[in-house]
Amino acid sequence: MPLQRPKGTQDHLPDGSPKLSRDVQASAFRHVQEVARRALERAGAQFIGTPLFEEAELVQRGVGGSTDIVRKEMFTVYYFGDHGGYVLRPEATAGVVRAYLEGGLKQLPAPLKLWTHGPMFRAERQQKGRLRQFHQVDYEVLGSPDPLVDAEAVALMWAVAVQLGLQRGRIKLGSIGDPADREAYNGYLRALFTPHLERLSDDSKDRLTRNPMRILDSKSAQDQDLIGELGVRPMLDFLGEDARTHFGAVQASLRAWEVPFDIDPSIVRGLDYYRRTAWELHHEGVGAKSALGGGGRYDGLAAQLGGPEVPAVGWALGIERLLLALEDEGVAFPEVQGPLLFLAAMDEQNVGLAAQIGLQARKAGRVEFAYRALKPGSVFKEADRRRARLAAVIGSEEAARGVLNIKDLKTGESREVAVSELHTFLEERA
Ligand code: AMP
């Protein structure tokens, strides 16, 4: 048996591949990237690229030592048998903020909008919509504490989903307050759960000391039962004056812009650096527990990485989960176009000439040519299989006169075109 790809990864295969149900259709994947790129660049975001591996310490500080991501799901990078202290990035934000600080981007006009996309790595147990290598589109805005920036970020995530054709997504919006509010909430949770310590899962016993809020995020049924029984009050009840005003302003903007959302009083993002606004985009097609995307304000991150305070907000959309949701809604993707022209020679001595004409003609669009001589009937069959718009044949007689015989495969019409006129002819049809 040929070698197989690692568990929890997918190949991105070309259209027409027989095993697309297990894999990702590369053209659909690229369509998602392209729609996101357009929406984000129109909002003024510039592309930023960061390494796929980073210092383990960056991820520990950025994502938070108490998270499952850091404690259980890191891929460590070894080279020549040595541990280099590097990990594959599990998300993009920590790397983007590191690059912002390291690259002196604070000097650019604020707020600075950045976007990126690419693979992320988490050693999770594989299931539908949960991969070990998955891909995100990320949007980050650095340098403004303004609630309008949060609202715009939510609206942009929504716009990407809508522009992709998604109709049944729901935004769940919450706030996790300022650090003092969270401390108060964590104090409340500690007092509430401590008498029931023995009923918590081992992970949550640990969370109770490190970060009690994360117990609410637990995937364990045992924990969720206890949470239900105790009637835990939501974080929103603990918001201070400033966080409450900020949350109100975000909601007012979204309402004015007709971006639909539901308030989710229980929202707790798994990452430690979030402040105030937090939201997720959900869809029934990928299961209740799985979000298509998540975002929030993370004013505390830059300082946690050793930099100055930089107020910031950002989000990530999971491309594979978006594709699952779109598939669930039956959204069709634009088909990849075939070549504008498929070109072939009828005899061996003109194969090189056909190739040369083909190479030149690419200035006008996608042009492919045959590598062997073909009979006229096979030229049209080959052109058809490739879904070409036009098919051209060149024989000795045409070669001598400097012309091509071109058939429009849509209309069935054939005509002779001078090689010197080919560019104009193709441009008119591109
Ligand atoms: P997070 O960084 O955990 O907020 O994740 C942001 C988004 O990335 C999620 O909403 C998912 O769409 C996607 N995502 C996270 N983890 C995975 C995974 N293991 N497999 C596939 N997509 C994921």
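Including glycine, each Cβ sits where the backbone N, Cα and C put it.
The region 'Disordered' annotation in TrEMBL covers 1-21. Per TrEMBL, the feature domain 'Aminoacyl-transfer RNA synthetases class-II family profile' maps to 32-334. For GLU91, ALA92, THR93, ARG122, GLN136, GLU140, ARG269, TYR273, TYR274, the entry in TrEMBL reads L-histidine binding site.
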Near ligand 1, meaning Cβ under 6 Å from any of its atoms: which of the binding-site residues GLU91, THR93, TYR274 fit that description?
GLU91
CB neighbours of THR93 (L-histidine binding site) within 10 A?
26
Fewest neighbouring Cβ atoms within 10 Å: which of the binding-site residues GLU91, GLN136, TYR274?
GLU91
For the region 'Disordered' (1-21), how many residues does DSSP put in helix, in strand and in coil?
0 helix, 2 strand, 19 coil
State the three-class DSSP label for TYR274 (L-histidine binding site), counting H, G and I as helix, E and B as strand, and everything else as coil.
coil
Check the domain 'Aminoacyl-transfer RNA synthetases class-II family profile' (32-334) for me and report the mean pLDDT.
92
